């Protein structure tokens, strides 16, 4: 105990030398705080009706991930990192959302997506249905479907789109358009015969029939084509081939549904770059058979970044004078954490923050409600008294009582638990984020997640709220869905050329 205390005091004394010289002056902090205070005092409430909703969802981007990614972003720019200002950090309205599902204390991405997109909390593993539905039971799905804000926006005449780094049939994007008693029914090949007999349909097929989505960008080609269909990018890889047992080619069907419109299907960056947003009505871009590659492993010649896909989607959707709703998911933050790969998770989060910056650049704050939030968190911790500016992906300067170092970031559970001959590995020779409990995949964690907002009615997203509140607040701000109170007597969302015709005649 005494050794630990002495070690900490020594670290504090040594660590102070790494601080920036100006930070030793109290006036540095006072001046900074006064500037921040004045900017907060100068804020004016934006009570416009939101013409557009730009919804950024960092899957698994809990508070620890958010903080660690901020540090990494700065360190990638040769800064110490802690003081870095993420694009997310500039949002003036901040709240917390409670993430529990109806049946579990800690949720999954299906239950959470149904909450924040459909406005209704539900059970684990189901999408677009209420808690009256049961996981994997098709019959329980009937009559318990709930629609999402993407559909409400489309019904209001807005253009709508989804952008994800996962497959477009994955839980988060799927909840915007599908209703399924199982999040895993990606194609008909993933469904039990009983579910098919009872009339349920797979998620991929619902992508075409439920809502007329203008922009669809992500992965998931193999769920769209007949079993055995060779993938255009990986023709020799059997695992990448089509999965569908019903013989349908949903890509071809989508194209035939869009005859008379300018609709493009693309699967590579060259064709994607050739798509002109100004002349395009519909875009389906599927860059991988399943999920997209991690940002750190992405081939920039084959697959666009989340920044590029976000920009393309906005430029296509914003031509609609009534506005748009766009869901952008940084979906592989979560998948990296499941694998215990903090390096990948943080790089995914940094890329996600750059996509948010691009979204703000392309839209106007006065008319666009922009939301950034996570669906749930992960059991990753940030610990060990690292020095200021020390690599967020490095190890603590303190050693444990077993006389071995440990990583600054580690997991409560996951594949990083390794004990050999009663000892954990020496990370100087075998680097991995350690986990306390051995599990094949790290679980989620149940703490509240941050909700960040700017633009029209952004102040509605302050405080600690149930996660399903988010959908209702977004809908109110944009006057979509059932609650039309905010636009009664208001024409704020109309462009000037339509405003004249909308005004009552004298």
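A Cβ is built for glycine as well, from the same backbone N, Cα and C atoms used for every other residue.
TrEMBL lists region 'Disordered' for one of the ranges 224-246, 247-269, 270-292, namely 224-246. Cα-Cα distance from residue 376 (Zn(2+) binding site) to residue 109 (active site, phosphoserine intermediate): 7 Å (rounded to the nearest whole number).
Less than 8 angstroms from the CB of residue 375 (Zn(2+) binding site) sit 57, 59, 60, 99, 107, 109, 112, 113, 116, 172, 449, 467, each of them six or more residues away in the same chain.
Taking H, G and I as helix, E and B as strand and the rest as coil, DSSP gives the compositional bias 'Basic and acidic residues' (228-240) the counts 3 helix, 0 strand, 10 coil.
Cα of residue 338 (Zn(2+) binding site) to Cα of residue 170 (Mg(2+) binding site): a distance of 15 Å.
Residue 444 (Zn(2+) binding site) is 17 Å away from residue 170 (Mg(2+) binding site) when you measure Cα to Cα. A separation of roughly 17 Å, to the nearest angstrom, links the Cα atoms of residue 329 (Mg(2+) binding site) and residue 444 (Zn(2+) binding site).
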